[in-house]
Amino acid sequence: MDMEFELKALRTLISEKTQLCNQLKKELAMIKRLEEDSSDLFELEGSDTLGSQFCIIPRVDGAPNITNCPIQWYRVISGGTRELISGATKFTYAPEPFDVGRLLQAEIVLNSDKIIVQTDGPIENAAGLERYVDSLMRRTDIEFNVVVAHMNGKDYSSNSVHVLHIGKLRIKLRKGWSTKARESYSTTMKLCGSRGGGNAAARAVFWQARKGLSYTLAFETDRDRNAAIMIARKFASNCNVALTGPGNQFT
């Protein structure tokens, strides 16, 4: 009886091991198929329109976890050349005016493979944005309400409303009567959409007033954010300054 009991237990154990082995084989086969066709693992969620925000999401069940994988965003410029968007290394990216008319790509490094996801088409301008910019430029003072999210890369201590003044010769940030920054357009000034990810990226900008002084500013709307960037670049251009983000060039 003891021998029969042991044989029965052994058969049960073998059956369980066989089932587990078959399950592992199926999972390994699925992983192999995914690795062989890694280009279909992920896609971009979002609208190809200024004011939207893209997010890298899995396209299929069982896609690898890319939480700790390096990510880099690019814009595709003339001739198919890719321009690295410095600092855009998160799962999300919010297009800015400089991206209009261009494709955007995100490159994910998974193990030794590079997976590229791309927008369906070039980024389109937001409806009515040009008219809004034209109406603002007819004003004597062009000002926007903003909240300072970061100063020199660190969280800002206050959530109080500041005013960003976009002038023909300079940009000024103030809170009430207190001026926080006031800088003329120069080659050391940088201005672009926020590249740090987050839910508010479509409403935020990175502004380097000068070397050693930078802010991340959140606007009330994405329309205000994009209008401020466009107006500042127009005024800077009149001062013979190309106002771009870090690492960018006008082409």
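Glycine is no exception: its Cβ is also placed from the backbone N, Cα and C atoms.
Taken from TrEMBL, the feature coiled coil covers 7-37.
Summarising the annotation, TrEMBL assigns domain 'Stomatal closure-related actin-binding protein Ig' to 42-138.
With DSSP states grouped into helix (H, G, I), strand (E, B) and coil, the domain 'Stomatal closure-related actin-binding protein PH' (141-247) comes out at 20 helix, 48 strand, 39 coil. The domain 'Stomatal closure-related actin-binding protein PH' annotation in TrEMBL covers 141-247.
Mapped onto DSSP helix, strand and coil, the domain 'Stomatal closure-related actin-binding protein Ig' (42-138) counts 15 helix, 38 strand, 44 coil.
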